[in-house]
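Q: Annotations per TrEMBL:
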REGION    1-58  region 'Disordered'
COMPBIAS  1-44  compositional bias 'Polar residues'
COMPBIAS  46-58  compositional bias 'Basic and acidic residues'
REGION    575-594  region 'Disordered'
DOMAIN    807-1180  domain 'HECT'
ACT_SITE  Cys1148  active site, glycyl thioester intermediate
Amino acid sequence: MNQTFSGSSRRPRQVNLSGKNLNPFAASSWSPSTSGTQKTVANAQQEREQRRQERERLNASKRIQRIWRGHRSRRELADSRRAQWDEIEANGGQSSSEVVLIEQVKLLVAFFSPQRRDDVGRLANLSSSIASLGYRDFLSLKDMQPLLARLANVTLEALQKSLPECSTDLLRLLVAVINLRPESFTQISRPYYALLSDLVSGARHSSLDRGQIMTAIRIPLEEHIELGKNDEINYDAYAALALNFLTTPDLANLLGSLDDLSTILNLSILSSALVREYSSSSGNQLQSERRLWLLAHFISLHRLQRRSGQEPEYLRALSLQLSGSSSEIMGRIDATDPETLQEATDSGAADKPPAPLPSFVKDELLSLVNQDSISGLLAKFNIDYAKASASGEEDASLLASYALTLLRIFPRRGDEIRMWLYQGSMTSSTGSQVPALKFFWQAMRLTNTFSVITADSKAARILLRPQTITTGSGSSSDAQRDREWRTILLFLELYTFVLRFTDDEEFLSASTPNLGQADTPVSRMRESALPLEDVKRLTIFLKNLAFTTYYNAGELSDDGQQAPESGLGTYFGTNTPTTRFHSPEKSATAKRSSNRPFAGIAGMTFDYVKTIVTGVMRMLYERDSRRRFLPKDHWLMTSRFEMEGFIPDVVMEEERQHQVREEGEEEDADDTDLFERADGMAMVGMARPRRALQIESMRRQQQKLARQKVLAAVGPRLEVLQNMPFVIPFETRVQIFREFVYLDQTRRRGGNVDPDIWRMSIIQQSQMSRHNRMDGQELLGRHHAKIRRDQVFEDAYSQFYQLGEGLKEPIQITFVDQFDTVEAGIDGGGVTKEFLTSVTNEAFRAEDGPNLFVANDQNLLYPSPSALDERQELLKQFGILKGSVEWQENINDLLRRYEFLGRVVGKCLYEGILVDIGFAGFFLRKWAASGAAGTESGYRANINDLRDLDESLYQGLLKLKNYPDNVEDFSLDFTITDTVSLPGAPTQTITRELMPGGANIPVTNENRPLYVFLVAQHRLTNQPKYQTQAFLKGLGEIINPKWLSMFNQSELQTLIGGDASEIDVQDLRQNTQYGGVYQIGDDGLEHPTVRLFWKVMKELDDGDRRKVLKYVTSTPRAPLLGFSQLNPRFSIRDAGSDEERLPSTSTCVNLLKLPRYSTATTLRQKLLYAVNSGAGFDLS
């Protein structure tokens, strides 16, 4: 046995430091190494590759030699034929016999090359010889028939090569060949009309007269009944004409007019050809500018032929062209409009504004938007629905699509289009006239989509998915669904407009639901009102549809944008060079076709459909909340949620969305740094950095859209709650609101929600270092203010405005008198409440206050509409120039005061402090709408809101709207007069137009609904626009606008001032705190005087109870969720034993100082006396 065995069988590692190879079997002469084997294989592969390349070079040389020999042979053959042609020309050219000319044609079509000028000359000579015999006679010869197609090709090539000059003989020859051999035209149709386009637009075509051009256009378009494929040939000819000739810019000016052209065209065939081309994407490959000219010429030709606007094929072609050019039209049609330029300036857009449309194109497009055109559409609906056929349904859907396309492309004319639709009447199956609105409603409720969604709230998800997920080929069911959606959307567009100027009386006076029955004469609006049972069905449909669009928003929503016209190659100049007729980015076209608009309507995205549905639903809900006509719990959809865990789930979704927003803000901050660095590199003459900035802007926009989709996906309950909150009970929403506020306070204050603990944490953090100490002192100093009792608002504004959203943090207030003496008292939260209520009282109520708000007849407040005009007039009186720095600063100062007042009201809501202030309903609706996702679901002015603003104006507009005779007797136009009143100065008036050119547009019976709406819009929205925006900006800095969107106007008023229901004395008693001798001892019994107080409170009527509550807390209403939510709690403390003394209060801490009265009679008498006299205020 080996005595040296150590217990391990592993061999020790041998370390060789000599550098010698100790392996006797490695790399010997008879045993090649591994690396040697690899070299051998590599050498073999290299030799094989060399042999392959040698073979390819040999084959290539053979191929080149073969091609060259072929080319040389062909060239020699062509040269011999040219020599033969020249010999014939020299010998027999004088006779020009048919046999000789046929021989020359055979030779010419064999050797012709457009690159050789002598060949073009030979062809010109040949054409002259043929002309001498007569084109028709010679070309009709039997021996010429096989040569005509090739002759047409070489003649076209010669004409193209001769540009910009043109041989009259060659053009006549080409036209004659096409006339005799129309079937050959299909092969050359596109370059033929492209040639005519060049001839017309070229600077040197004076040798051609107008008649020749028109003949050249007309001949290929003539019908040839004798040919079996006549329709196909005609379609190809008209398609070539449209895509290659009618796309010529300024064709009417080049031809002198389009009158002659309109007489030779068959517009029905042209329409069908365009439908075919656009359906196959050929039309979409045209350059955008040429598409616009084609559209304009198409509209002009239709008008010049004085045709009816009701042909389905014309409308189909027009709709397809409008869809294809929608982005160009929408971006450029109002490019020179002053309002558009002002909006671009206000938004600070750095991009170069788009070029305006050519005047001819713009005029032709605007010709589509007129009353006669829309009336023609309604007449078409008449016929189609009367037919009640499948083709009639298809045509009606097409007309709906066309009307919706006009609304999307001409947004500034949208209300006029809707008005003309509204004024139309349809013929029912019985032959009687039915208002357009009811007619469209009848069509909508007969659709399968309406029936399915109304019956099942979950069915909308399935019906919406095909609209956002595009398959390779559309099925017939998808086409049918598209038609139904178009009908639905057209009704909603029209109903939205009608609801704006329909007052409650007209809305509730619905006529019989049976269409077409004759009745006593009623106003148009009463006649158009839907029966309440139908309105109920409509609200169920809208509710189910809107719920799905928000709850499943992450799955269903699109990117909200049209696909870009070109890719990133546009910015770097790497795209394929453009031709004159086709755009370079086919991939962009493919991408655009995959991102199909909703229901195939130009500019119609899923997000817009979502907001239009929500807008109609909210308008009906607001009307129902104002004057109830639906069952009590009609709007609730609690069955779709697990309500027990609903509040925690919503809070969790809010937290998730907050995290997503924070991550997005960090990314945006990083991107901004890069963006600014790139901006600094963009020196003059350096195109690359500017392109990089454009790319970066596109990328950031895409990131924003993607983030919005993520937010919708992580917060489905929040999406529903913020856009259709009425599906959840009000009390639940109030609890959610308070949870959101608490969550925000926790985040902002580092978990220290209590004001004193937060201040202590700031002090502790500041003591850690000198730097932190300075920051902490500055922070607490900015949140402390010394306020004079007689200048509460001004001092608050000057000291707290700079805080911005920092006003959310706890503030400390020290009140001083006119001698700057500090009032007694410690701010433990109560003085802050007193400060906030004092600011609101002075700002909203005091006669010597800032006069930022005015009250209506019900003493409800709204921003002064004339405040801005009055400030501007005052500045003029002081001689300050409009637009100067001083002028702008004064205007901004006024708006900052509105903004600060919004923050103060937001602070009251944030801290749960009730204030006794009532706001007008229309103003509160703007609060709720400030958090809406889209403009369509935001605030919309309507005639009913005017009642809260100006009752006399409301009544006057009602009389005008229902006036039975001719309203032109009043000599009204589309202008309005605003008044400006300054103290000690006469009242001045300012006349403003309600629409462009309104001073020249009289109010008629037909357009008075639009006038009523525009007056309401001006008074409610336009006149107080900047004041309202400033207030809502300040309010939104403290309270997230999306939180406000959870409530309607009456609920917001309750949130601000408390519950208007009867005071619950028992609830108040259970949530009251006691101090001094009134403090409840170990026995748990109340003090006798306290028991007397609650006995008296129970005996008082609700009016006196409210007086007591206002005397103690400064507001006569209870908190929404009961007195447990009152901050600070209601408190009672003894005020001595002198029964002659009146009760007193400290409203800042909701404290009642009650003397120890011995009888209920004395207590009641003293309490009511103090309450009604308002005596007894002091600070504890």
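Just so it is clear, glycine is given a Cβ too, placed from its N, Cα and C backbone atoms.
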Q: Is the compositional bias 'Basic and acidic residues' (46-58) packed against any residues at least 6 beyond its ends, judged by a Cβ distance under 8 Å, and which are they?
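A: Tertiary neighbours of the compositional bias 'Basic and acidic residues' (46-58) are none.
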Q: Pop the mean pLDDT for the domain 'HECT' (807-1180) in here, whole number is fine.
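A: The predicted confidence over the domain 'HECT' (807-1180), as a mean pLDDT, is 85.
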Q: Which number gives the other C-beta atoms within 10 angstroms of the C-beta of Cys1148 (active site, glycyl thioester intermediate), all protein chains shown included?
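A: There are 27 of them.
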Q: With DSSP, how much of the compositional bias 'Basic and acidic residues' (46-58) is helix, how much strand and how much coil, in residues?
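A: Here the numbers are 13 helix, 0 strand, 0 coil.
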